[in-house]
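Residues or ranges marked as transmembrane segment in Swiss-Prot (evidence: sequence analysis): 8-28, 39-59, 64-86, 93-115, 125-145, 193-213, 235-255, 267-287, 296-316, 326-346.
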Amino acid sequence: MSSNATDLTTGYLSSAAAILLFGSNFVPLKKYDTGDGMFLQWVLCAAIWLVALVVNLILHCPKFWPFAMLGGCIWATGNIAVVPIIKTIGLGLGILIWGSFNTLTGWASSRFGWFGMDAEEVSKPMLNYVGAGLSVVSALTFLFIKSEIPNNPGSSDTTPLMTEPVINRTEDRSADSSWVDRLSTTYHRIVGCSLAVISGILYGSTFVPIIYIKDHSRRNDSMYAGASQYDLDYVFAHSSGIFLTSTVYFVAYCVAMKNRPKLYPEAVLPGLLSGVLWAIATCCWFIANHSLSAVISFPIITAGPGLIAALWGILIFKEIQGLRNYLLMMLAFCIILAGALCTAFSKV
């Protein structure tokens, strides 16, 4: 098998693994109350950093580039909204929307060389444009799908580790609920979709610093001259940025809550598992980026998890119901599949 064929095989297999894991990594959290998500964010990011540390040791500790941490900071900022998104519009629809905008941002920045990156060329540019255009259509389609989310998805026996002393349980129950739980049904969809769009754009920018370093490593006059071309060498710096940023946000949250944050013990192990799944998926994505290039891997890996998450939402959690929604979902699936295939074949 030729080197090019090996790269393509490795890239597409890594993409498939990343799609499956990204589409399922929030599933362990669905049955547990996670409050406003700030504590969960920190637990999840701690697990991500630990997995990245293991990978870094396996790779014999490649050079640490601090600028690569910026991508992790961007990702952690977008990830703050995950719990509110899932609580307002559901797991399936949330991942579908943020995945679509993730796709467009990542594809456009790689294809056109935004933020100082080198523009990436493909052998069939028209097919690549069609694939990206179909991602836009799928994103618009998802906005018309209505999800059904219960007001209190957490179990009734879930209680925070740290809350105000309870004198009147009836009055304090509403006080203990997060701002998301207190939103009226009217605002659920507006808030959820808006946050999903913002998160998607931030997610789509997360690899920009790494690609920037790789592109400038080929220039002798650059401070990044000689930097590694292997994407996985940057996973530890990327994850360190994630953990550092989430820690800063969590400390700020504790200060804002006057040192009485809402910590949910039942969410700790599911949060760690979710972080491990996400970290493994990200490592697969880094491998796919190296084997296929970001302009190919981004549209495939960012569009695919929505299909997996939607299946979880339809078959297991019953978030999406009704013939109209099922038909729209099937249409969106077909559009995503067509877009992913166009993108994949644009490099062949």
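Using the three backbone atoms N, Cα and C, a Cβ is placed for every residue, glycine included.
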Beyond the flanks of the transmembrane segment (235-255) by 6 or more, those residues with Cβ under 8 Å of it: 38-39, 41-42, 44-46, 48-49, 51-53, 55-56, 64-66, 68-73, 75-77, 79-80, 206, 210, 261, 279, 282-283, 286
Best-contacting stretch, by C-beta pairs under 8 Å, relative to the transmembrane segment (39-59) and drawn from 8-28, 193-213, 267-287, 296-316, 326-346: 267-287
The transmembrane segment (267-287) and the transmembrane segment (8-28) contact flag, 3+ Cβ pairs under 8 angstroms: yes
Distant-in-sequence neighbours of the transmembrane segment (8-28), which means Cβ under 8 A and at least six residues beyond its ends: 1, 82, 86, 91, 95, 270, 273-274, 277-278, 280-282, 284-285, 287-288, 290-292, 296-297, 300-301, 304-309, 311-312, 316, 344, 347-348
Spatial neighbours of the transmembrane segment (64-86) far in sequence, C-beta under 8 Å, 6+ residues away: 26, 29-30, 34-38, 40-41, 44-45, 94, 98, 180, 191-192, 195-196, 198-203, 205-210, 212-213, 224, 227, 234, 236-246, 249
Listed stretch, out of 93-115, 296-316, 326-346, that has the most CB pairs under 8 angstroms to the transmembrane segment (125-145): 326-346
Among 93-115, 193-213, 326-346, stretch most in contact with the transmembrane segment (296-316) (C-beta, under 8 angstroms): 93-115
Tertiary contacts of the transmembrane segment (326-346) (same chain, 6+ residues out, Cβ under 8 Å): 12, 96, 107, 122-125, 127-128, 130-135, 137-138, 141-142, 144-145, 296, 299-300, 303-304, 306-307, 310, 314, 320
